[in-house]
Amino acid sequence: MASELMPGQRRLTPTAVGADVLLVLWFVFSLFPLLWLVLLSLKTSAQQTSTYFAFSPTLENFATVLSDEGTRLTSVNFLSALLSSVLSCGGAVLVSLVIGIPAAYAAGRWRFRGSDDLMFTILSFRFAPELMVIVPLFVIYNQIGLFDTKLGLIWVLQLVTMPLVIWILRSYFEDLPEDLEQAALLDGYTRRRAFVMVALPLVRPGIAAAALLAFIFAWNSYIFPLILTGGTNGTITVAVARYLGGGGQAYYNLTAAAALIGALPPLVLALTIQRYLVRGLSFGAVKS
Amino acid sequence: MATTTTERTTRQDQPGRPPGDLPAVPAWRRRLWPYFLAVPALLVTVFILYPFVLSAWYTLLDYAARNTGNVSVVGLQNFQQVLTSATFWGAVRTTAIYAVVTTAVETVLGVGIALLLYRASRIGSIFEKVLILPLMIAPAIAGVLWRLMFNSQFGVLNYLLGLGSFDWLGSSTALFSVILVDVWIFTPFVAILVLAGVRSLPREPFEASAVDGAGWFYMFRRLMLPMMWPYILVAVIFRFMDCLKIFDHVYVLTAGGPGTTTTTLQIAAFQNSIVFSNYSLGATYMFLLWALVFITARYLVSVLGKAQRRAAGAED
């Protein structure tokens, strides 16, 4: 092991080459579908099923998907789904931050009565089968008029965003040495000011990572909007899946363009928070 | 008595200013401060728990869209119906196969990829940056993407692999294909967790055993694996629990078909409660799935606790 930590030493041994070959195999499998998606999204309707790799690329599909023309062809209003996703996912993350940050601070800093119960109940939302909540909410939403609304979606997305925000941030607050707040308290700060002015700015990277990751997961969620929205407030995942849904003519090139637009925001966001990803994905359990 | 005296002295030392540990705020208020911070989250939690409880209550009713007018309590009749139905046990079987195979394959591949990336070759450092891309795409969108590739007439997979018009989503292949897509999406999840774990291991034990002349495989089995085990377990727990309630990409790819070959428990519940509007029956499926998830979680978390204690002991 120790010798492997020195690069130049084993550059061309059979083991090293073998390891690289295995890695390349995985990454061909892993990246080819994405490459394929890009290729398909650049084809014209005439080429979508007649060619594989040789074609003259066009960006027209992206314009079509976002325009009324696309809605007419596929009966999917993609632009409205995009807007709905941005607003409801953004809203859900904001609500989770406002509610979650103080709770994460309390749970990370103090062990008060019931804190563990509360934290584990919140974590269990992450692992509970979604339909268990959705079925009653489907009935309730239909009764009180929250069905197919952004507000209804923001509410149910708390199941996705809140556990993530609270658990990630609790691990950040736990790591924060208490001395700094103590010093602030000695200087006459109130507890509230010590929290807002001292602790909060220090975990800012954690807050950003948690918020972006929560946004990604809300954006990627499918089963909640699939059941709890109808035609007007459906999100991007529902819209993309609908391209292949109904009968009629299939537009694979438009489907690919829509899928690519839907996949891009999480990809870009994930690359910006790559350093914090492991900790976020494991809900603070693994720190790197 | 003693404390009071000290406090009084301090107070006299600094007249007009609250002393050291700021009893400017009364003790009871300080003790309530964490509760105060947690109240909003508690309220939201209660509001979210309400549908859960309602869902459990549904299992005892005969609530369906066709008889919303006269819903009555039918006791355990739903459980009797579900537990004696072939559909339910078929879904249990499909879910079990799906979860076990998927988790096993992803764990082996994920650990393998993590170890390969840990070697830190030039290729590895480029790959590490793009490793997580499939993981960040919505599983539903990944389902769409793979459906395009699986297409038996125009799909690129049959073209590249020379399979003619092989039916990837036929009744004997669909379960394999949805598992393949899961492996494509989620193996990076296992890999990055394990990679972070491997990187955090102390170097000394490895150096020491290298000096003692231990072989690579011996070190892997006796040192690395036990120390990595907690990280692997965290990944396994996440993957296994998510597989038990898998829905998104499977639904997009096959909607549970052909027939019931890919009908997992949550897809079966979806069909009962949303497609057939039998809320009570769907809720019963979900309640049983929830119980399964809960029991599995308790077991896996206790295993994790033991492994973490053992690894901590090994590192001392």
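Backbone N, Cα and C define each Cβ position, glycine as well.
TrEMBL entries are annotated by machine, without manual review.
According to TrEMBL, the feature region 'Disordered' maps to B:1-22.
Per TrEMBL, the feature transmembrane segment maps to B:32-53 (among others).
Feature annotation from TrEMBL assigns domain 'ABC transmembrane type-1' to B:92-297.
The transmembrane segment annotation in TrEMBL covers B:96-118 (among others).
Under the heading transmembrane segment, TrEMBL lists B:130-149 (among others).
Sequence-distant neighbours of the transmembrane segment (B:169-196) (same chain, 6+ residues past either end, Cβ-Cβ under 8 Å): 94, 97-98, 101-102, 105-107, 109-111, 113-114, 117-118, 128, 131-135, 137, 139, 142-143, 146-147, 150, 228, 231-232, 234-236, 238-239, 242-243, 246, 249-250, 253-254, 257-259, 261-262. What TrEMBL lists as transmembrane segment is B:169-196 (among others).
For B:223-241 (among others), the entry in TrEMBL reads transmembrane segment. Away from its own ends, the transmembrane segment (B:223-241) comes close to residues 99, 102-103, 106-107, 110-111, 186, 189-190, 193-194, 196-198, 201, 205-206, 209, 293, 296-297, 300-301, 303-304, 307-308, 310-311, 314-315 of its chain (Cβ-Cβ under 8 Å, at least six residues beyond either end).
Look at TrEMBL and you will find B:282-301 (among others) tagged as transmembrane segment.
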Seminar exercise, completed: Outside the transmembrane segment (B:130-149), at least 6 residues beyond either end, the same-chain residues with a Cβ under 8 Å of its Cβ set are 113, 117, 155-157, 169, 177, 181, 184-186, 188-189, 191-192, 248-253
